[in-house]
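Annotated features in TrEMBL:
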{"type": "ACT_SITE", "residues": "His150", "note": "active site"}
{"type": "ACT_SITE", "residues": "Glu235", "note": "active site"}
Amino acid sequence: MKMVTFGQLPAVCITAPDGAEALIALYGAHLASWKTADGRERLFMSAQSPRDGSAAIRGGVPVIFPQFSTRGTGQRHGVARLSHWRVADNGDDWVELALNQDAVPPALAAGWPHAFALALRFTLRGDAIVMRFTVVNTGAAPFDFAAALHTYYAVEDFTQTVLEGLPDESPLRFGPKLDNIYAAPAALTLSHPGATLQLRQQGFTEWVVWNPGLEGATALTDMADDEWQRFVCIEPALVDKRELAAGATWTGVHTVTATL
Ligand SMILES: O=P(O)(O)OC[C@H]1O[C@@H](O)[C@H](O)[C@@H](O)[C@@H]1O
């Protein structure tokens, strides 16, 4: 592992023996880039994304916790993507980042005053990247939380991108604005010309599929107007808050494998 930067943010880079690499900003434990051994970037990153810690990074894999979107009275999509995580442990091709309540900016922590320990471990394994997300309730009372790994996949031809494996959507094609929640089959296949990825999840309960379309992208100040055609978000998620008992642990795993 080596220390690098992502814009003005400290980041780490992990590298596998075959040349695959991943770059993770400590701000948000945010996977900003994943390149397979063939040198291809598999994730989308907006050219207009903030890279200074003033707002969430737009692209890569934002970590959503403890609230999904506006489903609750707290911070939209939670506080994890807006907090500075620390490196807890690492090897050459893996790193584990950690966050607890003390590192959440005070204004954000006030909206969800619970004691917790988050760990997110990224491991490069051949043509796959594994993201293992652990939530521990370190307090004395139960709390409710939601979680997601809001993955932005880079696609070369949006109109020829196909997602297979969703219930009642065989296959899903991309075009207009999309913001859907599906019950989670364990695995999906995402294909676009020249690339195929297998997406697997364990421990989460849904897949969220999102693209803002032209109008939605125009309203986003951190995305260029034409960029909506260059990504699809497919997110393993625990959309509705669930209770975690004092001392208990929840784990969700997201594995993405490039088969082409
Ligand atoms: O702009 P944000 O906060 O990163 O959210 C992006 C999108 O995230 C998705 O997960 C939600 O389903 C969408 O409703 C939301 O618009």
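From the backbone N, Cα and C atoms, a Cβ is placed for every residue, glycine too.
Sequence-distant contacts of His150 (active site), defined by Cβ-Cβ distance under 8 angstroms and a gap of at least six in the same chain, are Val61, Pro62, Val63, Ile64, His77, Val208, Cys233, Glu235. Of all Cβ atoms in the protein chains displayed, 25 besides its own lie within 10 Å of the Cβ of Glu235 (active site). Glu235 (active site) falls within a strand when secondary structure is assigned with DSSP.
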